[in-house]
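Some notes on the structure that comes next.
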Amino acid sequence: MRPLLEKIARGLELSLEEAYNAALAILKMEAGEAETAALLMGLRVRGERAFEVAGFAKALRETCLRIPVNDPYVIDTAGTGGDGLRTMNVSTISALLAAYLGVKVLKHGNRSVSSSSGSADFLEALGFNISVKPETALLMLNNHRFSFAFAPMYHPAMKNVMPVRRRLGIRTIFNLVGPLANPGLVRRQVLGVAEAGIMGVMAEAAGLIGYDHLLLVHGEPGIDEVSVFGRTMIYEVKGNSIDKYVIEPPELGLRIHELRDVVVSNPMESIEKAKRGLMGVDEAALDFIAANTAMALYVAGKVKDPRDGVEAVKQIAGNSNDFWSYVNNVAAVSRRDSA
């Protein structure tokens, strides 16, 4: 580890293999706490590079509890979190909607850190058992098109890093690689990024990892979601190619709203906001949901144009009983399993 620390201190980039070996040493507790803290802080201060993010992601994928997904069209909507703006849990409701509309979704996520409602909190409030075993997760995915992979359960080695991360109290490279380490090794994903400045690095890292189709999104005024409050910056990764562009709500056929209209204080408020949106009585919530679901449908190859995805969601608005029945049924299936 010391040669790597010296390399970082000199401002040099670690190779993918060096980063991978460093991450493995940390995850397997072969590195001391001081070395781990020094490496994480050194990378953050200098700025993480693509090979380093890819190397850490490779190690995290290797040490996870695997869900043996073989379908290349399964998607995820996990993001970095950390925007601190306490918006409704749109990535999870969008994942459920995408599944209802025919896409297989293996949602990877955790409890809230900086938001009012993390994906795990939101799903628990809906009645889901968030700790299903891999065989149940795969069964749910194949039979019901939706399953959840609770990050602490599927990445047990991460508990070895938590004491150092808590003491540091800042964003580290592990915040970046967590969303890139879905236990099903999905090849398609909408990945929200709270920190716009790292999107290019994450896009390059995703190209090294080997995604078929990945959308990195960062929306105004600083959310790790597709925004209906201003512009959304997007890095679109297909294999080794990366395209960068910006979209605005009117391009999706949506209005521009105020962020305060989708802020919630707890998971139950997030559910109520989603229900009101899909009833057609909360336009801001509906448009926020539609924009993010549209990108999930697009990355899955279900629609060729995100505007068609928006239209698919709008058709549910005002007549969402079947959708909520679907959600309740999937939640009931999850409760039959106990880890």
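Including glycine, each Cβ sits where the backbone N, Cα and C put it.
Within 10 Å of the Cβ of Gly79 (5-phospho-alpha-D-ribose 1-diphosphate binding site) there are 25 other Cβ atoms, across all protein chains. When secondary structure is read from DSSP and collapsed to three states, Gly79 (5-phospho-alpha-D-ribose 1-diphosphate binding site) falls in the coil class. Annotated 5-phospho-alpha-D-ribose 1-diphosphate binding site per Swiss-Prot: Gly79, 82-83, Thr87, 89-92, 107-115, Ser119, in sequence order, evidence recorded as sequence analysis.
According to Swiss-Prot, the feature anthranilate 1 binding site maps to Gly79, Asn110. On its own chain, Asn110 (anthranilate 1 binding site) has Gly81, Gly118, Ser119, Ala120, Phe150, Ala151, Pro152, Gly178 as residues at least 6 apart in sequence with a Cβ closer than 8 Å to its own Cβ. In this structure, Asn110 (anthranilate 1 binding site) belongs to neither helix nor strand by DSSP; it is coil.
Taken residue by residue with DSSP, Glu225 (Mg(2+) 1 binding site) is part of neither helix nor strand, so it is coil. Cβ environment of Glu225 (Mg(2+) 1 binding site): Gly79, Thr87, Val90, Ser91, Gly192, Val217, Gly219, Phe288, Asn292 lie under 8 Å away, each six or more residues apart in the same chain. What Swiss-Prot records for Ser91, Glu225 is Mg(2+) 1 binding site.
DSSP assigns Arg165 (anthranilate 2 binding site) to a helical segment in the three-state reduction. The local packing around Arg165 (anthranilate 2 binding site), expressed as other Cβ atoms within 10 Å of its Cβ over all shown chains, amounts to 17. As annotated by Swiss-Prot, anthranilate 2 binding site applies to Arg165, with the evidence given as sequence analysis.
Taken from Swiss-Prot, the feature Mg(2+) 2 binding site covers Asp224, Glu225, and the record attributes it to sequence analysis.
Reported as a whole number, the C-alpha separation between Arg165 (anthranilate 2 binding site) and Arg111 (5-phospho-alpha-D-ribose 1-diphosphate binding site) equals 16 Å. Within the same chain, residues at least six positions away from Arg111 (5-phospho-alpha-D-ribose 1-diphosphate binding site) with a Cβ under 8 Å of its Cβ are Gly118, Ala120, Asp121.
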